[in-house]
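Swiss-Prot annotations:
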type     : residues                          : note
ACT_SITE : Cys55                             : active site, thioimide intermediate
ACT_SITE : Asp62                             : active site, proton donor
BINDING  : Val77, Glu78, Ser79, His96, Glu97 : substrate binding site
Amino acid sequence: MSRNTEELQGISLLGNQKTRYPTGYAPEILEAFDNKHPDNDYFVKFVCPEFTSLCPMTGQPDFATIYIRYIPHIKMVESKSLKLYLFSFRNHGDFHEDCVNIIMKDLIALMDPKYIEVFGEFTPRGGIAIHPFANYGKAGTEFETLARKRLFEHDSQ
């Protein structure tokens, strides 16, 4: 079940050898494609070990591994656009908790997933590691209940 040219319209970054890397926060770079299996509930997981942002107070770099897991509905995020989007945080000054919530909200706006969670495993600074977790389940569905359950159990994994 290969994808045809029409299904790939709007995917402009994958395979593009002249990729330009954004110098500032760039949610508009995110691209989506149709989920061919919207009737199946399944997780898609991204592990992004090279995330960098800036401390809004000191301007010093913060490093993290960002974990994104979602259950797609109609749309899915294209991975190269996600890579470039995450790269766009490199010169963006925000707290760890803000970065995780911004990433989640931007992906919700792009895909409208059934469920999504974003976890940031930030490298310790000043002897303290910060690991923010944000999630969302589509209102009025079983995924709203899943989100609540996962929120309270996320740290037991």
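These residue numbers are counts, starting from 1, taken along the chain as shown.
Using the three backbone atoms N, Cα and C, a Cβ is placed for every residue, glycine included.
Remember, it's a predicted structure, so these values are computed and weren't measured experimentally.
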- Message: Quick check for the class: what is the C-alpha distance, in angstrom and rounded, between Glu97 (substrate binding site) and the residue listed as 'active site, proton donor'?
- Response: 12
- Item | Spatial neighbours of Asp62 (active site, proton donor) among the binding-site residues Val77, Ser79, His96 [C-alpha, 10 Å] | His96
- Out of the binding-site residues Val77, Glu78, Ser79, His96, give me the one sitting nearest to Cys55 (active site, thioimide intermediate) by CA distance. His96
- Lowest local Cβ density among Asp62, Glu78, Glu97, which the record lists as recorded positions, within 10 Å: Glu97
- Task: Look at each of the recorded positions, Cys55, Val77, and point out the one with the fewest other Cβ atoms around it within 10 Å.
- Result: Cys55
- Note on the structure: Filtered by Cβ under 8 Å and at least 6 apart in sequence, the residues in the chain of His96 (substrate binding site) near it are Ser53, Asp62, Ala64, Gly120, Phe122, Ile130, Pro132
- Item | Cβ atoms near Ser79 (substrate binding site) (within 10 Å, other residues, all chains) | 14
- Task: Using DSSP reduced to three states, classify His96 (substrate binding site) as helix, strand or coil.
- Result: helix
- DSSP state at Glu78 (substrate binding site), helix/strand/coil: coil
